[in-house]
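Chemist: My questions will all concern the structure given below.
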Amino acid sequence: MEQLESEVLPLPPRFRFRDLLLGDQSFPNDDRVQVEFYVNENTFKERLKLFFIKNQRSSLRIRVFNFSLKLLTCLLYIIRVMTDNPAQSAGASHSAAQQNYVLYPVFAQVIVAIISFLETMLLMYLSYKGNIWEQIFQVSFLLEMINTVPFIITIFWPSIRNIFIPVFLNCWLAKCALENMINDVHRAIQRTNSAMFNQVLILICTLLCLVFTGTCGIQHLERAGKNLSLFTSFYFCIVTFSTVGFGDVTPRIWPSQLLVVIMICVALVVLPLQFEELIYLWMERQKSGGNYSRHRAQTEKHVVLCVSALKIDLLMDFLNEFYAHPRLQDYYVVILCPTEMDLQVRRVLQIPLWSQRVIYLQGSVLKDQDLLRAKMDDAEACFILSSRNEVDRMAADHQTILRAWAVKDFAPNCPLYVQILKPENKFHVKFADHVVCEEEFKYAMLALNCVCPATSTLVTLLVHTSRGREGQQSPEQWQRMYGCCSGNEVYHIKVCDSKFFGEYNGKSFTYASFHAHKKYGVCLIGIKREDNKSILLNPGPRHIMASTDTCYYINITKEENSAFIFNQEEKKGGPAGGLFDGPSQLPVHSIIASMGTVAMDLQNTTPPDAPVGKLVPPTVNGTGSRRPSIAPVQELADSASILPCDLLSDQSEDDSVFTDEKGHSSTEYVKGYPPNSPYIGSSPTLCHLLAEKAPFCCLRLDQGCRHNSFEDAKAYGFKNKLIIVSAETAGNGLYNFIVPLRAYYRPRKELNPIVLLLDNPPDNHFLEAICCFPMVYYMAGSIDNLDSLLQCGIIYADNLVVVDKESTMSAEEDYMADAKTIVNVQTMFRLFPSLSIITELTHPSNMRFMQFRAKDCYSYSLSKLEKKERDKGSNLAFMFRLPFAAGRVFSISMLDTLLYQSFVKDYMILIARLLLGLDTTPGSGYLCAMKVKEEDLWIGTYGRLFQKLCSSSAEIPIGIYRTESHIFCTSEVRSKQDSQVSVSVDDCEDTKDKGDESRNNDPSDHPLLRKKSMQWARRLSKKSVRWQGASRDSNKENAQRIAQQRLNLYRRSEREELSELVRNRMRHLGLPTSGYDEQNDHQNTLSYVLINPSPDTRLELNDVVTLKKMKLSGCYVYKIQTCNVNKIISCFCGERN
C-alpha cells in the first residue's frame, strides 16, 4: 500500500504540456467539441444582406446599377415625350393607337419598372427591422411604387397603357442613389470624403431635380392648354427660378399654374436650407484650411511648416526669409497648426503676394489624416518650430519631439528641420536632418559678445538675407556703410567651378583668402575636403587648395550671380588696369562681404621680436624714414617657420599657476575636457580647468566658507573685469555660456571671472558641471535689487548679460513680455553708465526701448528710418537701432532664419556652431577680436591689415566694430533737417584744430563734462536762455550748443543723485566705495559693425569715452585665427603658423 501510495500516477493526456504543444490527437477519450461561430451569417438572408448592403464593394455596384436605372427611366420619358404627338393620339382609333404603342419605348419602361420594383422589395425585405409601416411610408418607397406599379399593371390590363405616369419623379430617387453611391465610394477606398464636396453635390442635384420636375410637369399639364414643348418648359423654369421672369412664356391652365406655385414654395424651403449648410461648411473649411490636393503635390513643390501657435511675426520672418531665395519662388508653403487662424494672420494671407503661395491647414501633426491633408509624404521639407512663448518650455519641447516623431513615422524620407528650446532634449530629435537648439546658440552668442563686441549683431546679419540696400538714402555715412555691409552672406562653391578661387589651385589657403579679397572683394573663410565631411574655418597656410575642395566665402551675392569686368579704365583718365589697380576701382556693392566665421585672437598678431599686442611697422636700417612695408603672403607655407607646438601648452604663459593680484591664493590650471556635462549631446571642448574641483561652498560668491572668507567681489582681488550673467534659473544652457569663455585658446591672463546672478539657487547637478572651471561663481539675487548687484561686484564688471526670463516670456499682451526686463535694464543704464549691458529680449520690436531717451531727436530720426526700410520690404528694418548695431541687445527669434536658410544652405548651422565655439573641429579656427591702437594706425587700410595678418600670423579678418563719438540733440533745439545732428570723426578732429577759443565756446563737444558747482550750473542755465533768444536771429549753431550744455548739466545733477544713492547702499552693505566711478559714460557714442569692408576702408582711431585711464579703442577687427590640433604657434611669440 505504501508503495502504491508513493507512486505518482501520470497526468491524463489532456493535461500534458508536451502533448499540448505537439498537438497529439490520438487520445481515445477525447471529449472536445467543434464549435462553429457566426452561424447567423450563414443564412440566405444574411448572405444577401452582406452582398447588397454590408460589403462596400458589392454594395457600391448595386448602387451604381440603381442610379443607372433611374437615369435610364428619365431618359426614356424624355424620348417618349419628344416622339409623342398628342393631337394624333387623341384622334386615332383604338387599333391605330395600338400600332403607335409599338413605336413608343414602353416595353423598355416596363422592363425597367419590373427590375426596379423587384430590387426595391428585396432591399425592403433585407432592411426590415420589425416596423413594416415605417418602411412603407418612406418617401423613396412611395415614389418607387408610383413609378413602377402602374407599368406592371399595364401588362395585365392593356386598356390603360396610355395612362400618364410621372416617371420624371425618378430624378429624386437618382439623387438619393447618387448620395449613397458617393458614401460607398469613400468607404470602399478607405478615405474620408469632403463634407464640402458632398454638400455642393447635394445642392447641384437638388437644383437639377427641381428644374427637371418643373419642366416635365408643366410640359405635360400644358398639353391641354398652350401645348408647350419640352425646351420651352425648360426655358420657363430657368427664367422663373432665376427670378428674372420675362413673361413671354406663362402657364395658361390652373393645374400648371398650381404646379408652378408648389415648385416655387418647395424651392424657397429646400434651397435656403441647402445654402445654409453649404455656408456653414465653407466657414468651417476656412478655419480648418481644407486640403492640399494630391495633384498639386505631385506636380508642384511644397514645404510644410508645423507650429503650435502661429504668430504674425513668426510667419513674416519665415515667409520673407524663405522666399528671399530666387530658386524658392515656385514653392508652396503649407502651414499645419492646431489652432484657429489668427485675425492678423488671416489678413496677411489674403494679400495676393501670399494668398497664391501659402495654404493654412488647421490640424494636428499627430494625426495621420492631417498629415495626409498636408501631403507630408510628398513635401520637400518639414519645419517644426517650438513655441518659445510657453510658460513651461520643457513641455513645449516635448510637443516638438512628438511632432518630429510623428512626421518621421508618417514620411520617413521627408527632410526634417527641427527647432528645440532646451539642450537636454536635443538628443531626442537627433535623427532630424537639421536641428537648432535655441539655448545653445543664445548663451554661446551672449558669451562671445563679452570678448568680441557685437558678435550677436554679426551673426544675426549673417543669417539674414539682404541685398545691402538698407540705409543707402540716409545722409549719415555710417548708416550707408553699415547697411551696405549687412548684405553679405555665406556662400559655397567648388574650386574647379570658381573664378574667384580657381586660379589658386595648389596654393595655400591663406594666400587664396588674401588675394581673393584683394582682387574680388570676397572673403574666403572656410574649406571642406571632398573626402571629409567636416568644415574647416581658416585651416591656415598648411592647407593647400585642391580642385575638389568646397570653398565657403562671404560676399554680397554668390559667384554665379556675379559679373566680372576686367581692364576697366579709371574714371579720372588713368591707364587700364585690373579690378584692384586702385581703391576707387573696386565697386562697393561687390566688395563688402558679410561677417566671418571662425575666431581668432587679433591681439596676438605680433611679428617676431615685436612688442605684444602691437602691429609695429618695420624699419629700414633701424630708422623709420621710409614708408612701412608689409611682407607678402606666401603661396606655400614655409616649413622652416612652422614650428611644432604641444596642444596642451600655452606659450603665452610662463607657468601654469595663476596668482591673484593680492596674492591671496594661487590656483593651478590645466587643459582638458570638462569631466561632467550637464546634458546628453554636448560637444566636447578643450578648456582651461582647475586641477582639482572646487567645493560647492567655494562657488558661492557672497558667502565665506572654511576654505576662504571672501564675501564680495572686491575681496577676491580679480585682475580682470567681471562678467555677470543674470538669469532666472541655472539651466543647462548656461553651460554653453561658460565653455566659450574658458576655451583653451583663450590666454589664461585674459580670463574674466564669471558671476552667475540667479533668481533661484542652482541644484547640485549644475554645480557639479561648473565646479571644474576656474573663476566661476554664483549668487542668489535679481537685477531689480540694487543690493544684489552691488554684492556681486557690478562696479568691477565690464559686461552684464541679462538673459530673458522664462516666467516673463508669456503675457496677456504679447509684446509686454519684455516690460520688466527693459525697465530694469534702463535703471542699471542710469545707475552704472560705464557698464556694457547685453540684454536678451523676447520680441525684437521692443529693442527701440533700450537706452530710451524721451526727447532724443536722433532716436526719432532712426525710428523714421526704420519705418521707411520696413515699407520698402526690408527684412532688417531694426538694424539701425543703436543698441542692436552696438551689439547690446539681442533676441533669439532673430536666429530663426538660421533654420530657414539651412533649406538652401545646408552648411549654415554647422558654420554658425563653429563660429560660436559650440563645435570644435580639428584644424579649424576660432573667433576673437583685436583692438586697433594708435601705434597700429601705420597700417592704414583694411586691405593692408588683411595682408599684415595673413603674412605674419595667418589670421583672416572678417569685419570691423567701429565706435564714433556722437552728440544726441534734443527736441528743444531740433533743426529743420529732421534732427540729423551728428558729429563724425573728421568733424571732431577739425574742431580740435580750431584753437582754444572754439573749445571754450563749446564745452559739450567732449563726451564727459567736468565737474562744476550746482550754483554755476544754475547761473549758466539762466544765461543760456538769453543767449538762445538772441541767437535765433544770428547764430542757430550757438543755440544748439548752449541748449545741449544746459541739458548735460541737468543730466549731471541727476547723475550725482544716482551716484550718491549707490554709494549709500555700498556703505550700508559694508562695501568700499572707491571702485564706483560715475564719470565713464557710453551715452555719447555710437557703435556699429562693418562686415568684411572694402580693402580701401581706412582704419581710424575715434574719440571715445575714457575708461580707467585707458582709451577705449574705437575700432575692433574681427578675425579668424588658425588652430591646428598637432601644431599651434602662439601669437604672443610672434611665430608664424
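Every residue gets a Cβ built from N, Cα and C, even glycine.
Unlike curated entries, TrEMBL annotations are predicted automatically.
When I checked TrEMBL for this same protein, it listed these features:
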- 991-1008: compositional bias 'Basic and acidic residues' (COMPBIAS)
- 300-436: domain 'RCK N-terminal' (DOMAIN)
- 720-860: domain 'RCK N-terminal' (DOMAIN)
- 605-627: region 'Disordered' (REGION)
- 980-1013: region 'Disordered' (REGION)
- 64-82: transmembrane segment (TRANSMEM)
- 102-124: transmembrane segment (TRANSMEM)
- 200-221: transmembrane segment (TRANSMEM)
- 227-246: transmembrane segment (TRANSMEM)
- 258-283: transmembrane segment (TRANSMEM)
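Are these features on the surface or tucked inside, and what are their neighbours?
Modeler: Mean per-residue pLDDT, taken over the domain 'RCK N-terminal' (300-436), amounts to 90.
Nonlocal intrachain contacts for the transmembrane segment (64-82), taken as residues 6+ away from its ends with a CB within less than 8 angstroms of a stretch CB, comprise 104-106, 108-109, 112-113, 115-116, 119, 147, 167-168, 170-171, 173-174, 177-178, 181, 212, 216, 219-220, 230.
Proximity of distant same-chain residues to the transmembrane segment (102-124), defined by a Cβ-Cβ separation under 8 Å and at least 6 residues beyond the stretch ends, is recorded for 48, 52-53, 66, 69-70, 72-73, 76-77, 79-80, 83-84, 135, 141, 144-145, 147-149, 151-152, 154-155, 161, 167.
Through the fold, the transmembrane segment (227-246) approaches residues 78, 81-82, 86, 207, 210-211, 214-216, 218-219, 260, 263-264, 267 of its own chain, all at least 6 residues removed from its boundaries and within a Cβ separation under 8 Å.
Proximity of distant same-chain residues to the transmembrane segment (258-283), defined by a Cβ-Cβ separation under 8 Å and at least 6 residues beyond the stretch ends, is recorded for 195-196, 199-200, 202-203, 206-207, 210, 213-214, 217-218, 221, 237, 240-241, 251.
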Chemist: Reported in the order helix, strand, coil, what are the DSSP residue counts of the domain 'RCK N-terminal' (720-860)?
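Modeler: Each residue of the domain 'RCK N-terminal' (720-860) counted once, the result is 60 helix, 30 strand, 51 coil.
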Chemist: With DSSP, how much of the domain 'RCK N-terminal' (300-436) is helix, how much strand and how much coil, in residues?
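Modeler: For the domain 'RCK N-terminal' (300-436), the helix, strand and coil counts are 59 helix, 28 strand, 50 coil.
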